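**Q** A single structure is presented below for examination.
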Amino acid sequence: MKNILDYTLEELTLWMKENNESSFRAKQIMSWIYKDVRNFSDMRNMPKSLIAKLEENFEIALPEIEEIYKSELDGTEKFLFKFSDGNLIESVLMRYKHGNSICISTQVGCRMGCKFCASTIDGRIRNLTTGEILAQILVVQNHIGERISNVVLMGSGEPLDNYENVMKFLDIVSAEYGLNIGQRHITLSTCGIVPKIYELADKELSITLAISLHAFSDEKRKEIMPIANKYSIDEILNACKYFVNKTKRRITFEYSLVKDVNDSKEDARALGKLLKGMLCHVNLIPVNEIKERTFKRSSKETIQDFANILSNLGIEVTVRREMGSDINAACGQLRRSYIKTQETRGE
């Protein structure tokens with residue numbers, strides 16, 4: 001049975017035509033789904049014959065909430081979801097004065113191998129479908145009874161390694177018939193799959209592109225990010241410049257500061273020189289310490305010095321605000337720790 005959440009309006013309209021149903025029914029069905037109706041029989045303006053066809057061919061498949069961890073400091077909530085095949089993924093809800101933001105996953109695991117990331121330790125298990133990516137937002141919205149206004153594709157997985165499903169997600173999540181979240185309120189984070197950055201640029205979307213850079217030189221980047229063996233920083237920056245030219249959107253460069261690895265004043269000056277003149281912003285991230293890795297986070301003083309150097313070189317820079325520090329877990333850690341707990345219990 002097919003998950004109707006995987007369908008765009010155009011695809012569902014085509015299905016209606018192929019099954020001798022009126023095309024306008026597709027938009028009505030979408031309206032019900034994104035108003036949180038979870039049973040076709042509850043779609044009151046649908047004829048019984050169509051409801052029967054829908055129930056025969058489709059399901060509205062949503063993951064179960066396996067666990068929720070809520071910060072007592074700022075209300076940040078970390079959700080652990082379980083899909084029907086038993087696979088687990090994580091999403092994080094962050095509450096701000098301007099609205100609710102959610103960080104979602106695009107894959108179960110990840111094959112990129114970044115040394116500071118927990119979600120890549122066991123490799124990529126599978127891609128999430130378009131509907132499974134959307135479902136994270138739908139379930140969280142239903143749980144909190146509030147609208148999600150900002151989406152960040154920065155959870156488990158590399159979005160551009162699941163390109164087709166993620167592009168379809170971007171179509172639906174921003175469409176009026178879908179979740180109607182403006183593209184300017186959506187951020188996609190990538191480790192830098194260069195050909196896909198060009199493809200994304202050609203779509204001329206208004207999303208924010210965030211590049212996980214984390215080093216100023218290929219030599220240093222190769223130490224912590226295997227993708228650097230395939231695509232050089234120059235290639236990534238050229239793709240970013242193409243993206244900026246096509247979309248007129250500022251690029252965000254993410255830079256996780258790791259003690260004694262990439263956090264020196266020389267690193268800061270070299271990074272500033274590398275990015276000077278680009279329409280960009282640097283987001284400095286105190287690295288999350290995970291027990292499977294030896295990386296330690298830089299001191300607050302080192303982070304501030306790094307930020308000051310970039311700022312003095314004319315680079316827009318911010319230090320990422322830590323949310324939910326009392327329930328702190330790096331991306332992928334919640335899933336891994338839960339699986340280990342279940343294995344210990346013999347479940």
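Using N, Cα and C of the backbone, Cβ positions are placed for all residues, glycine too.
For Glu90, the entry in Swiss-Prot reads active site, proton acceptor. For Cys331, the entry in Swiss-Prot reads active site, S-methylcysteine intermediate. Residues or ranges marked as [4Fe-4S] cluster binding site by Swiss-Prot: Cys110, Cys114, Cys117. What Swiss-Prot records for Gly157, Glu158, Ser189, Ser212, Leu213, His214, Asn288 is S-adenosyl-L-methionine binding site, and it gives sequence analysis as the kind of evidence. Per Swiss-Prot, the feature disulfide bond maps to Cys103-Cys331; the stated evidence is sequence analysis.
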**Q** Measuring C-alpha to C-alpha, could you say which of the recorded positions Cys103, Ser189, His214 are within 10 Å of Glu90 (active site, proton acceptor)?
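**A** Near Glu90 (active site, proton acceptor) by Cα: Cys103.
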**Q** Can you count the other CB atoms that lie within 10 A of the CB of His214 (S-adenosyl-L-methionine binding site)?
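**A** For His214 (S-adenosyl-L-methionine binding site), the count of other Cβ atoms within 10 Å is 26.
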**Q** How many Å separate the Cα atoms of Cys110 ([4Fe-4S] cluster binding site) and Gly157 (S-adenosyl-L-methionine binding site)?
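**A** That comes out at 5 Å between the alpha carbons.
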**Q** Which Cβ among the recorded positions (Cys103, Cys110, Cys114, Cys117, Leu213) has the fewest C-beta neighbours inside 10 Å?
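**A** Each of the recorded positions Cys103, Cys110, Cys114, Cys117, Leu213 was scored by Cβ atoms within 10 Å; lowest is Cys114.
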**Q** Taking DSSP as the reference, which of helix, strand or coil describes Ser212 (S-adenosyl-L-methionine binding site)?
**A** strand
**Q** Of these binding-site residues, Ser212, Asn288, which scores lowest on Cβ atoms within 10 Å?
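**A** Counting other Cβ atoms within 10 Å of each of the binding-site residues Ser212, Asn288 gives the minimum at Asn288.
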**Q** Tell me, how many other CB atoms lie within 10 A of the CB of Gly157 (S-adenosyl-L-methionine binding site), whichever protein chain they belong to?
**A** 30
**Q** Out of Glu158, Ser189, Leu213, Asn288, point to the one nearest Cys117 ([4Fe-4S] cluster binding site) in space (Cα versus Cα); all of them are binding-site residues in the record.
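**A** So, spelling it out, the nearest of the binding-site residues is Asn288.
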**Q** Just jot down the residues in the same chain as Glu158 (S-adenosyl-L-methionine binding site), at least 6 apart in sequence, with C-beta under 8 A of its C-beta; none if empty.
**A** Thr106, Gln107, Cys110, Arg111, Met112, Thr190, Cys191, Ile193
**Q** Going by Cα-Cα distance, which of the binding-site residues (Cys114, Ser189, Ser212, Leu213) sits nearest to Cys103 (disulfide bond)?
**A** Ser189
**Q** Just to be sure I understand the packing, how many Cβ atoms besides its own are within 10 Å of the Cβ of Ser189 (S-adenosyl-L-methionine binding site)?
**A** 21
**Q** Specify the secondary structure state of Glu158 (S-adenosyl-L-methionine binding site) as given by DSSP, simplified to three classes.
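**A** Its secondary structure by DSSP: coil.
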**Q** Using DSSP, would you call Ser189 (S-adenosyl-L-methionine binding site) helix, strand or coil?
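**A** Strand, per DSSP.
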**Q** Would you mind checking how many other C-beta atoms are within 10 angstroms of the C-beta on Glu90 (active site, proton acceptor)?
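**A** Result for Glu90 (active site, proton acceptor): 26 neighbouring Cβ atoms inside 10 Å.
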**Q** Measure between the Cα atoms of every pair in Gly157, Glu158, Ser189, Ser212, Leu213, His214, Asn288, the residues the record assigns to S-adenosyl-L-methionine, and report the largest value in Å, rounded to a whole number.
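**A** This binding site's residues have a maximal Cα-Cα distance of 18 Å.
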